[in-house]
Structure formats: C-alpha cells, structure tokens
Amino acid sequence: MDPVDPNLEPWNHPGSQPRTPCNKCYCKKCCYHCQMCFITKGLGISYGRKKRRQRRRPPQGNQAHQDPLPEQPSSQHRGDHPTGPKE
C-alpha cells in the first residue's frame, strides 16, 4: 500500500473520489460507483424532503357519486344455513 500524505484530508486521499461524476443511472455498475451512489441507489435511502402525494378529488360539479343508496331489506337468507331457530 502506498504511503499517504498525512497533511491531506481523508476525502482528498488518492482513490477516495471516483474518476467519473455520479449520474442518475440505476444499473449495477452505477449503483456501486461510490458510497453515496450505493446508499441512494443501491439501498434506496434518501434523506431529502418527502414529496406530498396529492389526493385525487372528484370534480366539484359532478353529484352522481352522492346519490343515496336504496333501502334494502335487513334480513336475507342465503344458502343452506338459516340464522333462525331450528324446528
């Protein structure tokens, strides 16, 4: 291993910075480009602001979705399992 100049900061040591700039590609090679690419692309960790997802609202003029449901009988027997007492 080559000796490193002790006067250099650790982020300026030779080999500490990649030769090419980071890009937005998510291929395997670019995910391992540098530590920052690995954390953001490979692991998917991002400490930026979260974007608020807007809810989809129905149009204001459309009242078709506000129609009341028709009354239905409360007791309906279905299948072979009656809910009443056995005779």
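Placed from the backbone N, Cα and C atoms, the Cβ positions cover glycine too.
Residues or ranges marked as region 'Disordered' by Swiss-Prot: 1-21 (among others). Beyond its flanks by at least six residues, the region 'Disordered' (1-21) meets 33-34 of its own chain at Cβ-Cβ distances under 8 Å.
Residues annotated as region 'Transactivation' in Swiss-Prot: 1-48.
The region 'Interaction with human CREBBP' annotation in Swiss-Prot covers 1-24.
Taking all protein chains in view, 7 other C-beta atoms sit within 10 angstroms of the C-beta of TRP11 (site 'Essential for Tat translocation through the endosomal membrane'). Feature annotation from Swiss-Prot assigns site 'Essential for Tat translocation through the endosomal membrane' to TRP11.
What Swiss-Prot lists as region 'Cysteine-rich' is 22-37, and the listing cites sequence analysis. Per-residue pLDDT, averaged over the region 'Cysteine-rich' (22-37), rounds to 89.
All chains included, 10 other C-beta atoms sit within 10 angstroms of the C-beta of CYS27 (Zn(2+) 2 binding site). Residues or ranges marked as Zn(2+) 2 binding site in Swiss-Prot (evidence: sequence analysis): CYS25, CYS27, CYS30.
Per Swiss-Prot, region 'Core' is recorded for 38-48.
The region 'Disordered' annotation in Swiss-Prot covers 45-87 (among others).
If you look up Swiss-Prot, you'll see 48-58 marked as compositional bias 'Basic residues'.
The region 'Interaction with the host capping enzyme RNGTT' annotation in Swiss-Prot covers 49-87.
According to its DSSP assignment, ARG52 (asymmetric dimethylarginine) is coil. Around the Cβ of ARG52 (asymmetric dimethylarginine), the number of neighbouring Cβ atoms within 10 Å comes to 6. Taken from Swiss-Prot, the feature asymmetric dimethylarginine applies to ARG52 (among others).
The Cβ of ARG53 (asymmetric dimethylarginine) has no same-chain neighbour under 8 Å that is 6 or more residues away in sequence. Feature annotation from Swiss-Prot assigns asymmetric dimethylarginine to ARG53 (among others); the stated evidence is sequence analysis.
For 77-87, the entry in Swiss-Prot reads compositional bias 'Basic and acidic residues'.
Taking the mean position of the Cβ atoms of CYS25, CYS27, CYS30 as the Zn(2+) 2 site, the remaining same-chain residues with a Cβ inside 8 Å of that point are ASN23, TYR26, LYS28, LYS29, CYS31, HIS33, LYS41.
The 10 Å shell around the Cβ of CYS25 (Zn(2+) 2 binding site) contains 12 further Cβ atoms across the protein chains shown. Applying DSSP to the region 'Interaction with human CREBBP' (1-24) sorts its residues as follows: 3 helix, 0 strand, 21 coil.
The shortest Cα-Cα distance between TRP11 (site 'Essential for Tat translocation through the endosomal membrane') and any of the recorded positions CYS25, CYS27, CYS30, ARG52 is the one to CYS30. Across the fold, the C-alpha of CYS25 (Zn(2+) 2 binding site) and the C-alpha of ARG52 (asymmetric dimethylarginine) stand 24 Å from each other.
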